[in-house]
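Visitor: Got a structure for you, questions after.
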Amino acid sequence: MWPPDAEPEPDPESAHGPRSGRTVPGLRALLPARAFLCSLKGRLLLAESGLSFITFICYVVSSASAFLTVPLLEFLLAVYFLFADAMQLNDKWQGLCWPMMDFLRCVTAALIYFVISITAVAKYSDGAYKAAGVFGFFATIVFAIDFYLIFNEVAKFLKQGDSGNETTAHRTEEENSNSDSDSD
């Protein structure tokens, strides 16, 4: 445990290299699982972070840096949520409402990207601004798809919870009405 031993035990595999069936631990443990990256949520988060980074680079190259903060912030948030979902931090930190945070992140990103993309395309004639505006529109679409899917999942979850409460409430009412009729 901690503190580490002065002399760690020798690894029997170190002389021969790792076995064919086992992976080498280390920085690979921080990489997201392939199954998550191939899922719809993983692909959306990868697209969000990629488009945010490209938009950020386009604004860096352009002459004014008024819109530089939004793509950088959204890139960092998308990478954070990608890492959090891949490492299943939402299961470990139950106190945070992860779907609501992700939903608010996507809604605000879609709205802000839409506004700055319209401004960049309409107001500036620089090619980097035009490219940033186009990538911003693509990012708006990806963020909108993500918040639509999150909204549907949350609505389905809440609907299932309400139907479960209604059936137990209905059963309780039936039991109370049956017990009242028996006592008369």
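Each Cβ is built from the backbone N, Cα and C atoms, and glycine gets one as well.
When I checked Swiss-Prot for this same protein, it listed these features:
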type	residues	note
COMPBIAS	1-12	compositional bias 'Acidic residues'
REGION	1-22	region 'Disordered'
DOMAIN	36-155	domain 'MARVEL'
TRANSMEM	64-84	transmembrane segment
TRANSMEM	96-116	transmembrane segment
TRANSMEM	131-151	transmembrane segment
REGION	163-184	region 'Disordered'
COMPBIAS	175-184	compositional bias 'Acidic residues'
Visitor: If you average the pLDDT over the domain 'MARVEL' (36-155), what number do you get?
Guide: 88
Visitor: Using DSSP, tally how many residues of the domain 'MARVEL' (36-155) sit in helix, strand and coil.
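Guide: Breakdown, helix to coil: 102 helix, 0 strand, 18 coil.
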